[in-house]
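Since the structure comes first, as structure tokens, the remarks are kept for the end.
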Amino acid sequence: MSKIVKVLGREIIDSRGNPTVEAEVHLEGGFVGMAAAPSGASTGSREALELRDGDKSRFLGKGVLKAVEAVNGPIAKALLGQDAKDQANIDKIMIDLDGTENKSNFGANAILAVSLANAKAAAAAKGMPLYEHISDLNGTHGQYSMPLPMMNIINGGEHADNNVDIQEFMIQPVGAPTLKEAVRMGSEIFHHLAKVLKAKGMNTAVGDEGGYAPNLESNAAALAAIKEAVEAAGYVLGKDVTLAMDCAASEFYNNETGNYELKGEGKTFTSQEFTHYLEELTKQYLIVSIEDGLNESDWDGFAYQTKVLGDKIQLVGDDLFVTNTKILKEGIDKGIANSILIKFNQIGSLTETLAAIKMAKDAGYTAIISHRSGETEDATIADLAVGTAAGQIKTGSMSRSDRVAKYNQLIRIEEALGSKAPFNGLKEVKGQA
């Protein structure tokens, strides 16, 4: 009953108004899975390739008809008659057929959309929720947890049209007893932050990930505004709520000078100086997690940063590791960072994503399931976070349906699983248990 009878791809629109790939996988018995590939703005140079058409007469060159053709042509032909329950085989067929290291023939956007749609179809055929099927694929049947959200309530960098260099300023409602209560706390703080910003005469328009995107005098000013909002909402920073940042430092790294240039503050730092700049912010604002605190190729700098901060806070590799087990293994061997951000379109298939999560956990690293800045209503990452018991999720702010869709799916899953999926709060963050 799980034999593939049809694979269909189409071009749809993501949350930035750009095209992306959506795929359907149809099985015997009428079971169907549908999924869409997300898209990043600040991307690691070693990510799997997102195939775009380059035809300037359509979508300013960002069309994905070539990727869709790959789904409807060679991928569909190769998968017809295959068993959808054998996810590893489905992904291997597509990867082998593509034949490139970075999936540049078909595009990671094509392969991933089919990979996820296949998992959804297989779950339907098994008569179970997607998170349960993912738990089976992960070899951890029935081992669930609800993830601690990282809520990006001030957007900067490549995600916003403002003068703030650091890309994401996030809250983590660590004191909540449940995921649903964590969402409530995040929502309250989000609305109080709007009041704080308006009182300062600042803009409350939102960026790509649903957080506010005001012009600010410094990165510290963003943290100070959030601290004020946390307290206005009746919560205690460091007890009820902790802070996290995604620097996306590759975006303000000067390749010629080797320095980090915070243009919003008019400051320039060497690699070690920037680590100490971050160290001061962590002390002042009780930050427990920093992502991509240096340029993705600054491995010596990351080794130093891990030495200085790695036993105190979570140091997350995103552009650094790009959900790639080869790169992650090198990082683990060299003692670089202590956590990995998991974005399945960086690697391009569900099987490879699960392998990266397993490698991280086996090495004592945390794994944070993440959206991309270009999203759709597809909420697969919610099921992925629960089904792998990853422990943390990063899926934007408390506005924009492309972000809220994931929180709403998590609320539904928590309701269904109850005590089978505990919410562990701060214990999930590396160095904070």
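Numbering starts at 1 and runs along the chain as displayed.
Cβ atoms here come from the backbone N, Cα and C positions, even for glycine.
Record features, source Swiss-Prot:
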type     : residues                     : note
ACT_SITE : E209                         : active site, proton donor
ACT_SITE : K343                         : active site, proton acceptor
BINDING  : Q167, K343, R372, S373, K394 : (2R)-2-phosphoglycerate binding site
BINDING  : D246, E291, D318             : Mg(2+) binding site
MOD_RES  : K326                         : N6-acetyllysine
MOD_RES  : K343                         : N6-(2-hydroxyisobutyryl)lysine
Distance from K343 (active site, proton acceptor) back to R372 ((2R)-2-phosphoglycerate binding site), taken between C-alpha atoms, in Å: 7
Structural state of K326 (N6-acetyllysine), classified by DSSP into three states: helix
Rounded inter-Cα distance in Å - S373 ((2R)-2-phosphoglycerate binding site), the residue listed as 'active site, proton donor': 6
Integer Cα-Cα distance in angstrom, K394 ((2R)-2-phosphoglycerate binding site) to the residue listed as 'active site, proton acceptor': 10
Between the residue listed as 'N6-acetyllysine' and Q167 ((2R)-2-phosphoglycerate binding site): CA-CA distance (Å): 26
Separation of alpha carbons, D318 (Mg(2+) binding site) and the residue listed as 'N6-acetyllysine' (Å): 14
Spatial neighbours of E291 (Mg(2+) binding site) that are distant in sequence (at least 6 apart) but have CB under 8 A: E168, A244, M245, D246, C247, A248, L315, V316, G317, D318, L341
D246 (Mg(2+) binding site): tally of other CB atoms within 10 A of its CB: 29
Protein Cβ atoms within 10 Å of K326 (N6-acetyllysine), excluding its own: 13
For E291 (Mg(2+) binding site): DSSP state (helix, strand, coil): strand
Alpha-carbon distance [the residue listed as 'active site, proton acceptor'; the residue listed as 'active site, proton donor'] in Å: 15
